[in-house]
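Quick look at what TrEMBL annotates:
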DOMAIN    91-237  domain 'Ferritin-like diiron'
BINDING   E108  Fe cation 2 binding site
TRANSMEM  155-174  transmembrane segment
BINDING   E185, Q219  Fe cation 1 binding site
Amino acid sequence: MLLTAAPAFSLVNPQVEHQGLPLFSSVPSAQSSSSFLRLSSPSNGVGSAVVFASKGSENKPLTGVVFEPFEEVKKELNLVPTLPQVSLARQKFSEECEAAINQQINVEYSISYGYHAMFAYFDRDNVALEGFAKFFNELSLRDRGQAEKLMRYQVLIYAVFCFFVMFSVLYNFGHLSMEFALSMEKIANARLLHLHRIALRNHDAQLADFVESEFLSMQVEAIKKIAEHVSQLRRVGAGHGVWHFNQMLLREGGIA
């Protein structure tokens, strides 16, 4: 931005130093109906300049002065995106972290889809294991909630969502349902650790803390709980033992 001065302003270089004046000071002028603004150096005022303003027209116009108020923040202004599909508020969020979060969202939704299919299987009339159905429905809701939590984080840092095709799920689970659940929990945990490593590699402290505080501890607890169920089911065997285990799942609280 160029500042054009009016003809009544002039820039002079005084030979007499004004001791004791601040960096910007208004000092009465010896000329009639005029005043000047002194711009001095912090030490002794050597090389200082004085801008005169008067009603008269005998002063020479002010030239060679450029006013650039945004010069110091020019680099920051260049960081503001101009493309319409890019968020204006996004700042210092790497594309690698964004892609890793999107992958984790799809993992959570895929696992939730698998658990929901298992819930539907055990809720059938010719299976009728309501405890298993309740257990896997709660797991499905939990993983969908984790996916939504990651999506809310993406909204917080103004990222873009990308959804993939979910994997296919076996229809007849039977007694292998807990083993299948345990394998999915381990997959989710491995992907969360991968996301955490990417956050650390990109020096994204906020994302690393988010993964640690919201996901990792809960995921380890879920793995331990389901591993215990696998051991118990192997011990009771098929038949009547599965029915008793189903009753236990009905009575106990959810894993989420």
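The backbone N, Cα and C atoms fix where each Cβ goes, and this holds for glycine too.
There are 24 other CB atoms within 10 A of the CB of E108 (Fe cation 2 binding site), with all protein chains counted. Annotated pair E108 (Fe cation 2 binding site) and E185 (Fe cation 1 binding site), C-alpha to C-alpha distance, rounded: 10 Å. Within the model, the domain 'Ferritin-like diiron' (91-237) shows a mean pLDDT value of 86, rounded to a whole number. Contacts of Q219 (Fe cation 1 binding site) defined by a Cβ separation under 8 A and a same-chain sequence distance of 6+ are given as E185, A188, N189, L192, in order along the sequence. Around the Cβ of E185 (Fe cation 1 binding site), a 10 Å sphere holds 22 further Cβ atoms from the protein chains shown.
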